[in-house]
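One structure is given here, and the rest of the page talks about it.
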Amino acid sequence: MLVALAAVLHLQLYGGHINTAYLNAQFAIRQYLKSIEGFPCEINGHVYVVLKALYGLRQSGREWNSELNRWFLDHGYQRSLTESCLYYRFEGEVIMLVLVYVDDITVATNCEESKCKLFEELDKAYGLKDQGLLSEYLGIEVEQTSDTVTLRQGKYAREVLETFGYDNAHAVGNPMEANVRFVPLGDNEESDTSFEYRKAIGMLMYLATGTRPDLAYAVGQLNRFVSKPSNKHVGALKRVLRYLAGTVAYGKLMIARKLCQTA
């Protein structure tokens, strides 16, 4: 959604990363820790009081989110009612949209100066590394022009193909044959266990729900048979991989004032 808005509104996308984010938050409820190896208590029978949200503790993520939420609200940002990880602020013609994913900060704005000011304030408060124009986000490659934003998962697609030995496969023009009909195996029929069907479905599903909607129908159909795939199901799944081999560079293209298209 943020990328689509950036394309439509002609905004630039920038990235930042907060170092050791959790340790910037304090616990709302006091926590205690027994003496551990390498850090014994000086007085036998005493325990530590945990002051910061340590990594590995269940509530640390929530405490960090609450801390960052307070910071943004104190600095004039509003939190989206429908997307709790999205903050926004409008000053005159300046648009600031901020997306938070744990310790990754993505900003969509039409004013680089405002972005720099925000990152400087976050760096002063928590220690933030300014990554400049956004080129990758959670494994998704981001390419920006003056009025388009393209999202791709080429690197991940190649990893999928290499995992199943299809990186040099003969490509086909579509992910599934027309009018094909799949039925489940009967109770007395044996499943095809020669191929890692479930693993392939999972990896392709990540692509389909990310930047490859052209895979969604085929993967969705074949996903129904992960518990007991037949030879026909496996063959159809291999066809999806062959299609992927010829379309690694495909992705989502967001065009200003237009709907999302497949690149």
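Note: Cβ is positioned from N, Cα and C throughout, glycine not excepted.
The feature domain 'Reverse transcriptase Ty1/copia-type' is assigned by TrEMBL to 1-177. Across the domain 'Reverse transcriptase Ty1/copia-type' (1-177), the prediction's mean pLDDT works out to 93.
TrEMBL lists 1-16 with the feature signal peptide. Same-chain residues lying 6+ beyond the ends of the signal peptide (1-16) with a Cβ under 8 Å from its Cβ atoms: 83, 86, 95, 97, 99, 104-110, 112, 115, 119, 122, 128-137, 142, 144, 146-149, 151, 254-257, 260.
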